[in-house]
Amino acid sequence: MNRVPGDAENAHGSSVESCPSLRDVHSINPAQLMARIESYEGREKKGISDVRRTFCLFVTFDLLFITLLWIIELNVKGGIETTLEKEVLQYDYSSSYFDIFLLAVFRFKVLILAYAMCRLRHWWAIAFTTAVTSAFLLAKVIISQLFSQGAFGYVLPIISFILAWIETWFLDFKVLPQEAEEENRFLIAQDASERAALLHPGVLSDGQFYSPPESVAGS
């Protein structure tokens, strides 16, 4: 006989405990959730994300900057035509900077193809280009005679090495984590909007509210 009040109290306590979660669900604003979903879908339709576009711009800057330094080096050595023929047609691994320029072209093509055209969401492409760049530059500095050719013997290899590692850092710590976070927010907002649609199926019209007919006295 004493179990009924106890069960009633437990049921009342469980209903009270469930009230905050219900209030949290009812506090969802479907308009805000739909706005977030539409904004994310709009970013997907327009192409790559803003942070990925910044990465692609930096990769383009890498190529243009190395090209500019190489052209300056050609002018310093006595004219573009003469030095270009010497470094390209009469290529010498120990004294030419042409391979460093080709290394920048290689990074540009691989990274733009992987992260702009294919929209890759993995780090293997940037790891491959950075590993190739680092190994080639270390071998060139050790074997070649670049340091005996003036300031450009230091500038071009060092800047090419630094830019390659900046690209790796930017992709690994900025692009991929931010895109993953935005995708998770989109999935959470989409799930919350579906739940909100179930909890708020629509506004009831006046015709859906009615009063029962009055009962006859004594019936």
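Glycine is no exception: its Cβ is also placed from the backbone N, Cα and C atoms.
Feature annotation from TrEMBL assigns region 'Disordered' to 1-22.
Annotation comment: TrEMBL describes 48-219 as domain 'MENTAL'.
Among residues of the same chain six or more beyond the transmembrane segment (55-76), those with a C-beta under 8 A of the stretch's C-beta atoms are 48, 83-84, 87, 97-98, 100-101, 104-105, 107-108, 111-112, 115-116, 150, 152, 155-156, 159-160, 163-164, 166-167, 170-171, 174-175. Sequence annotations record features per position, and here TrEMBL assigns transmembrane segment to 55-76 (among others).
The transmembrane segment annotation in TrEMBL covers 96-116 (among others).
According to TrEMBL, the feature transmembrane segment maps to 123-145 (among others).
Counting same-chain residues at least six beyond the ends of the transmembrane segment (151-171), those with a Cβ under 8 angstroms from any Cβ of the stretch are 54-55, 58-59, 62, 65-66, 69-70, 72-73, 76, 97, 100, 103-104, 107, 111, 115, 123, 126-127, 129-130, 133-134, 137, 140-141. Annotated transmembrane segment per TrEMBL: 151-171 (among others), in sequence order.
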Integer mean pLDDT for the domain 'MENTAL' (48-219): 85
Folded-back contacts onto the transmembrane segment (123-145), same chain, C-beta under 8 angstroms, at least six residues removed: 93-95, 99-100, 103, 106-107, 110-111, 114-115, 157, 160-161, 164-165, 167-168, 171-172, 176
